[in-house]
Amino acid sequence: MNSIEFPLLARTTQNSVISTTLNDLSNWSRLSSLWPLLYGTSCCFIEFASLIGSRFDFDRYGLVPRSSPRQADLILTAGTVTMKMAPSLVRLYEQMPEPKYVIAMGACTITGGMFSTDSYSTVRGVDKLIPVDVYLPGCPPKPEAVIDAITKLRKKIAREIYEERIRSQEENRCFTTNHKFHVGRSIHTGNYDQGLLYQSPSTSEIPPETFFKYKSSVSSHELVN
């Protein structure tokens, strides 16, 4: 083999051999087979019915919905999360195997929505309970937006490094806290503000001649009727 054949051999070898790392291979296998756990509590969850249909067909992305968190690596939260449901959501997330991802779908999941204005039992954003990878705003988001969020998550999985994700989760871990109500001093004493109440004059303050004159006029009126 002479020196002229070396470049041809190098080009042939480069076109025939795929060079990659175990990390890239792992990311490729995970982004092509996401198994989501659907956690829906409100109207945003209805949009998933359109995704299952033939028009959008989210099975082409390798999505296989699971009913058990131990078999899922993606959880899609849709709808309002209340204080009572917060421990259940955190428990489901902790039961999912690593690596795991979260998509927050809808305004109620991201910020609490319109229910967080006057409600004391609504969580103001699911990211206060579990780490969120992709935020999907809308009320409700369209099925096309859900597919776009899944596409962005696939791109994120393709370029992430597993060791760095584990390290960041250990440093920025979300701990659950019990919601406790503290009994404070009551501001209601049971006494009404006399200045705000209308007090009718008592009979002792009315002159006798006025009182008897009024009583006689009422009696004569009743007799006429």
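Every residue gets a Cβ built from N, Cα and C, even glycine.
As annotated by Swiss-Prot, [4Fe-4S] cluster binding site applies to Cys43, Cys44, Cys108, Cys139, with the evidence given as sequence analysis. The Cβ of Cys44 ([4Fe-4S] cluster binding site) has 25 other Cβ atoms within 10 Å, all protein chains considered.
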Identify all same-chain residues not among Cys43, Cys44, Cys108, Cys139 whose C-beta atom falls within 8 angstroms of the centroid of the [4Fe-4S] cluster site's C-beta atoms; report them in sequence order.
Ser42, Ala78, Gly79, Thr80, Gly106, Ala107, Thr109, Gly113, Gly138, Pro140
Of Cys43, Cys108, Cys139, which of the binding-site residues has the most Cβ neighbours inside 10 Å?
Cys108
